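As given in Swiss-Prot:
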COILED    48-124  coiled coil
COMPBIAS  1-18  compositional bias 'Basic and acidic residues'
COMPBIAS  242-258  compositional bias 'Basic and acidic residues'
COMPBIAS  302-312  compositional bias 'Low complexity'
DOMAIN    143-214  domain 'KRAB'
MOD_RES   Ala2  N-acetylalanine
REGION    1-30  region 'Disordered'
REGION    218-270  region 'Disordered'
REGION    291-344  region 'Disordered'
REGION    372-391  region 'Disordered'
REGION    527-546  region 'Disordered'
ZN_FING   349-371  zinc finger
ZN_FING   436-458  zinc finger
ZN_FING   466-488  zinc finger
ZN_FING   494-516  zinc finger
Amino acid sequence: MAEAAPARDPETDKHTEDQSPSTPLPQPAAEKNSYLYSTEITLWTVVAAIQALEKKVDSCLTRLLTLEGRTGTAEKKLADCEKTAVEFGNQLEGKWAVLGTLLQEYGLLQRRLENVENLLRNRNFWILRLPPGSKGEAPKVPVTFDDVAVYFSELEWGKLEDWQKELYKHVMRGNYETLVSLDYAISKPDILTRIERGEEPCLDRWGQEKGNEVEVGRPRMMGTGLPPYPEHLTSPLSPAQEELKEGQAPKQQQDSEARVAPAGPEAGGGVAIKTEAQSEDEMTPERLFLGVSRGQTECRIPRGPRNRPGGPSRHQAQGMPRVRAGEPRPPGASGETPRVLSRRRQRAFPCPDCGQSFRLKINLTIHQRTHVEEGRQEAPGRSPTSCGDSQAMLEPGEVVVPGPVIRWLPEEPEGRRSVAGGRALVGRRPAASKMYHCSECLRFFQQRKSLLLHQRLHTGNGQGWPACPYCGKAFRRPSDLFRHQRIHTGERPYQCPQCGRTFNRNHHLAVHMQTHARGQVGPHFPAAPARHGSLPLPWPSRKEEG
């Protein structure tokens with residue numbers, strides 16, 4: 001059931017009915033203000049959103065412009081690359097054409113070289129004889145392989161060590177390659193052929209090359225199949241020489257004039273060549289190893305006729321020697337033949353033991369090893385130096401080690417000069433009687449302090465060297481450290497007595513004083529100091545520091 005409605009007061013109801021239709025209720029102000037505020041907030045939010053959108057549009061527009069610029073740059077680079085590719089293609093075509101031309105020229109040059117090698121192998125050529133100069137000077141004769149080659153006998157080759165043999169082979173190959181690079185038309189020597197085949201490049205006991213059968217009594221030239229000294233050249237004196245001998249010509253005239261020998265019937269197509277007899281100091285390897293006597297002369301005998309008619313070749317084919325004006329002609333000589341000047345061999349490295357001269361120092365070093373081995377074989381139980389003398393000269397902690405034998409040439413009289421090389425070879429014995437040996441690099445020194453200074457090189461990173469306390473830089477000598485420290489301290493102990501200027505080194509002061517000496521020479525200072533010892537030396541000198 002519905003609840004009963006509360007009872008109303010009749011007076012209250014009546015009062016309410018009277019007021020409601022005549023007076024309406026007013027709207028509150030708070031609700032109006034809140035509505036206006038919310039509307040304003042909504043408007044500002046819309047404005048902010050519009051501004052953010054405008055910023056995004058501007059950013060997108062900027063990026064679009066940047067992309068357009070980069071696209072244009074890429075297009076330009078692409079166009080440049082296309083141009084470069086076209087130019088490179090054109091250059092490549094030109095280089096290919098040049099390369100083809102070079103290949104053709106190389107083929108022609110190779111064929112020419114093959115033809116020259118065939119001529120050299122067949123020995124179907126004449127040796128070039130250069131005429132003398134306008135002033136009578138000797139012509140420049142091309143270098144041959146025998147001029148720079150050294151040959152060893154079988155005994156000497158057996159005494160060499162393996163590394164010395166390899167060094168010898170390397171030097172011989174280098175000499176041949178050098179001559180070929182200088183455009184000398186020479187064939188490959190037999191010694192290089194044996195080296196390539198793995199054979200020993202030495203001579204047998206008779207002075208002949210191994211693997212070649214020639215007459216024992218007549219040694220032949222290296223690299224040729226002909227005997228170097230024909231019978232008509234090694235024969236006794238010719239009639240021209242006999243006449244000079246009977247006339248008792250001066251010795252100088254006999255030495256200056258060459259020997260002339262007539263062409264015998266055995267010469268064939270050869271030519272008698274006038275040469276000068278070499279002295280004992282100018283002995284060549286052919287004489288030393290092949291056992292040629294001093295009375296024989298060396299020459300080259302061409303074989304085969306010349307292609308050019310007439311001229312000097314016509315006389316040479318007849319075997320007629322050339323003689324000087326005023327000399328008696330040999331029998332059967334008519335006309336003149338070209339003159340061949342002998343080439344003097346300059347060998348500036350003589351051996352002090354046997355007198356043999358060498359053109360290269362390495363050949364002398366290898367040759368001296370043979371003397372050392374011979375000395376050891378002759379006296380195997382005897383050392384080169386006396387043990388008692390060497391032990392008596394040793395200091396505590398030092399030992400004598402075996403090293404290379406240092407040989408000194410004997411004293412020569414004043415004014416005498418060696419023939420080989422044109423230089424004086426006056427030997428001087430060392431001041432020190434023993435050598436100091438470095439165990440690291442096998443070097444020898446005459447003074448102990450030199451060995452101590454040298455051993456600092458093997459310590460590494462400047463260990464054991466005096467170092468600067470300011471910058472830590474290490475020096476080999478204490479005197480160098482003292483001079484270096486003056487850079488940090490600013491000390492200038494050397495003062496000029498003329499102008500008062502100071503220097504940190506003695507020789508700087510000496511150079512400075514020479515400037516004053518050019519203008520005037522005062523009584524208080526020398527014009528030019530003769531030596532550093534004339535000036536005050538507050539610091540120890542190089543000799544005192546050791």
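In case you wondered, yes, glycine gets a Cβ from its N, Cα and C as well.
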Secondary structure composition of the zinc finger (436-458) [DSSP: H/G/I, E/B, coil]: 11 helix, 4 strand, 8 coil
DSSP-derived helix, strand and coil totals, residue by residue, for the zinc finger (349-371): 11 helix, 4 strand, 8 coil
Summary of DSSP states over the zinc finger (494-516), given as helix, strand and coil counts: 11 helix, 4 strand, 8 coil
Model confidence over the zinc finger (436-458) (mean pLDDT, whole number): 76
